[in-house]
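Lifted from Swiss-Prot, the feature list:
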- CYS95-CYS187: disulfide bond (DISULFID)
- ASN3: N-linked glycosylation site (CARBOHYD)
- ASN87: N-linked glycosylation site (CARBOHYD)
- 1-23: topological domain 'Extracellular' (TOPO_DOM)
- 45-52: topological domain 'Cytoplasmic' (TOPO_DOM)
- 74-97: topological domain 'Extracellular' (TOPO_DOM)
- 119-131: topological domain 'Cytoplasmic' (TOPO_DOM)
- 153-194: topological domain 'Extracellular' (TOPO_DOM)
- 216-235: topological domain 'Cytoplasmic' (TOPO_DOM)
- 256-268: topological domain 'Extracellular' (TOPO_DOM)
- 290-309: topological domain 'Cytoplasmic' (TOPO_DOM)
- 24-44: transmembrane segment (TRANSMEM)
- 53-73: transmembrane segment (TRANSMEM)
- 98-118: transmembrane segment (TRANSMEM)
- 132-152: transmembrane segment (TRANSMEM)
- 195-215: transmembrane segment (TRANSMEM)
- 236-255: transmembrane segment (TRANSMEM)
- 269-289: transmembrane segment (TRANSMEM)
Amino acid sequence: MANLTIVTEFILMGFSTNKNMCILHSILFLLIYLCALMGNVLIIMITTLDHHLHTPVYFFLKNLSFLDLCLISVTAPKSIANSLIHNNSISFLGCVSQVFLLLSSASAELLLLTVMSFDRYTAICHPLHYDVIMDRSTCVQRATVSWLYGGLIAVMHTAGTFSLSYCGSNMVHQFFCDIPQLLAISCSENLIREIALILINVVLDFCCFIVIIITYVHVFSTVKKIPSTEGQSKAYSICLPHLLVVLFLSTGFIAYLKPASESPSILDAVISVFYTMLPPTFNPIIYSLRNKAIKVALGMLIKGKLTKK
């Protein structure tokens, strides 16, 4: 059995070692994290307490908010703390945990977004059969499969990445532990297995992306036939934000297909923000900003009139 590692901790290089930049980074990340935390917790509370929102679309939205909380909580708090105390180290087990939780959350979220696109397709293109196709047991099964898929992907990649040897540099040129940067500093000569796993994962994620695009092509074709301008506006307001979130997550393709280097690259860190921090922050906003039901439920929650039935 190969020696797992000689390195006992990693150094997360982040965006900059400049003191002023570290303070700016910590403040910016803290604001983003608090926005994501507040928005997603509100979505979970509203969709749980308001019985009018106990429908498939809001059931999936609640699951998405849980995944978003996991996704941003894996990276942001540690990065903020490191910048504030000027200590960029992370333990080996901490790094393992970050890789596992990040991959499980992101992979599950992409599959869940695929399921949500099918939900919108069914609601708009086959409204008469919607209640039969998207019954509660089916929704629970599809959400469960998304979570299990994320866990399976995370187990494979985490095991593959940390079965490699790390006996040289322990400097990870990223603000969290991510696989491309870890592979760049590994001293193992045979990286074929992990690279193959990455390619398989990228192909699976790309398939999800293609399914989402095809689904929304059908949705938009159907929406154009709706005679009511209000109906068209409502359909677009639901579907377009969904596509925006998918595009943010799809930047992960660039991060994992781009050849990693041991030399620092600000581009890697910027790209990673797009798929680890922006989706959790923008999801609550874009899914509720033009959603009348969410606005009404939020108003009732503020007034203390929202109760679960």
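Cβ atoms here come from the backbone N, Cα and C positions, even for glycine.
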Tertiary contacts of the transmembrane segment (195-215) (same chain, 6+ residues out, Cβ under 8 Å): 107, 110-111, 113-114, 117-118, 120-121, 153, 156-157, 160, 179, 183, 242-243, 246, 250, 252-253, 256-257
ASN87 (N-linked glycosylation site) and CYS187 (disulfide bond), Cα-Cα, nearest whole angstrom: 25
Rounded Cα separation (Å) that holds between ASN87 (N-linked glycosylation site) and CYS95 (disulfide bond): 15
Sparsest-packed among the disulfide-bonded residues, when each Cβ's other Cβ atoms within 10 Å are tallied, from CYS95, CYS187: CYS187
ASN87 (N-linked glycosylation site): secondary structure state under DSSP, collapsed to three categories: coil
Cβ neighbour count (within 10 Å, all chains shown) around ASN87 (N-linked glycosylation site): 11
Beyond the flanks of the topological domain 'Extracellular' (74-97) by at least 6 residues, Cβ under 8 Å: 5, 7-14, 19, 22-23, 25-26, 29-30, 32-33, 36, 105, 158, 162, 172, 175-177, 182, 276-277
The topological domain 'Extracellular' (1-23) [mean pLDDT, rounded to integer]: 73
Local backbone state of CYS187 (disulfide bond), from DSSP in three classes: coil
